[in-house]
Amino acid sequence: MENIEQRVKKIVAEQLGVNEAEVKIESSFVDDLGADSLDTVELVMALEEEFECEIPDEEAEKITTVQQAIDFVNAHLNK
Amino acid sequence: MSLQGKVALVTGASRGIGAAIAEALAAEGAKVIGTATSEAGAAAIGERLAAQGGVGMVLNVGEEGAIEALVDTIAKEYGDIAILVNNAGITRDGLLMRMKDEDWDAIMDTNLKSVFKASKAVLRGMMKARWGRIVNIASVVGAMGNAGQANYAAAKAGIMGFTKSMAREVGSRNITVNCVAPGFIDTDMTRALPEAQREMLVQKIALGRLGDAKDIADAVGFLASDRAAYITGQTLHVNGGMLMP
């Protein structure tokens, strides 16, 4: 089983159509990886599916970097 | 057979324009799910579309959570919906002076809110597939107004505005969203009009006749196909020249 960081990075790369090597832990979806607003919505949907969780809108808005996505998943899965 | 293998959902498919649309899409090879508000209606749709592998299902678009549940069921059984035709609609005609809140609300729920809910429900699958067609059935009345139909006209004009916004939002995902605005089509809905009013209407139609449900179905079939790949956010008026906006 891949760890959470690897799974998140893989999803980000797939959704945003970038090379996985470009996806750094500090990468911002919009500023560094060229995501538009619809991309970020799709990304959150993909994360929800991968980790079988629901990300409420107010939480989703705060997820703007790879690190924040990982943090959310970690916090959620620990519950 | 330009729609071979595509899953299509047509709401309000038991009669009139919706029935013709369901048949037209099925004839192009789509796997068509047509909805009706009753079990009997759904069964009849199933029988009509059986030869092309289509099915009928029950859907009351105004019922809380019903559209979302139906879209889930279809996705599990047949795959993600690629083509959505929002056709279900009702009328509650009356002069504004006498129009009740319930008449307004019923039209908004069934004719407009259902379009929002169904379009939203199918979007996830279409975004993933990077292909989708949404065709909303508006009305000439939404563009020109009609005495006695303030509620209906408002909902139909609302559909056109919704269509344009949605087209802008999802265009980058190769999803097109368009309207077909029928003029006066020979269906149960227009047969309910008084004869004198029907005659007066025909005089205003350049082609001199009411339209046939198939005229609308052909337009929908076109917009759902790859031939209409570069058309989005538009309203295609199919009204025999009754209105030339």
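Residue numbering: from 1, along the chain as shown.
Here the Cβ of each residue, glycine as well, is placed from N, Cα and C on the backbone.
Taken from TrEMBL as is:
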ACT_SITE  B:Tyr152  active site, proton acceptor
BINDING   B:Gly12, B:Ala13, B:Ser14, B:Arg15, B:Thr37, B:Asn60, B:Val61, B:Asn87, B:Tyr152, B:Ala153, B:Ala154, B:Ala155, B:Lys156, B:Ile185  NADP(+) binding site
DOMAIN    B:6-187  domain 'Ketoreductase'
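Looking only at the binding-site residues B:Gly12, B:Thr37, the densest Cβ neighbourhood within 10 Å occurs at B:Gly12. According to its DSSP assignment, B:Lys156 (NADP(+) binding site) is helical. Residue pairs drawn from B:Gly12, B:Ala13, B:Ser14, B:Arg15, B:Thr37, B:Asn60, B:Val61, B:Asn87, B:Tyr152, B:Ala153, B:Ala154, B:Ala155, B:Lys156, B:Ile185, the listed NADP(+) binders, are separated by up to 25 Å at the Cα level.
Counting only same-chain residues six or more apart in sequence, the Cβ atoms lying under 8 angstroms from the Cβ of B:Ala154 (NADP(+) binding site) belong to B:Ile107, B:Met108. For the recorded site, B:Thr37 (NADP(+) binding site), the DSSP three-state label reads coil. If you measure from the Cα atom of B:Val61 (NADP(+) binding site) to that of B:Tyr152 (active site, proton acceptor), you get 16 Å. Annotation for B:Ser14 (NADP(+) binding site): spatial neighbours B:Gly34, B:Ala36, B:Thr37, B:Ser38, B:Gly41, B:Ala42, B:Ala44, B:Ile45, B:Gly56, criterion Cβ-Cβ under 8 Å with sequence separation of six or more.
Note: the CA-CA distance between the residue listed as 'active site, proton acceptor' and B:Gly12 (NADP(+) binding site) rounds to 16 Å.
Take the CB of B:Tyr152 (active site, proton acceptor) and look out to 10 A: across all protein chains shown you find 22 other CB atoms.
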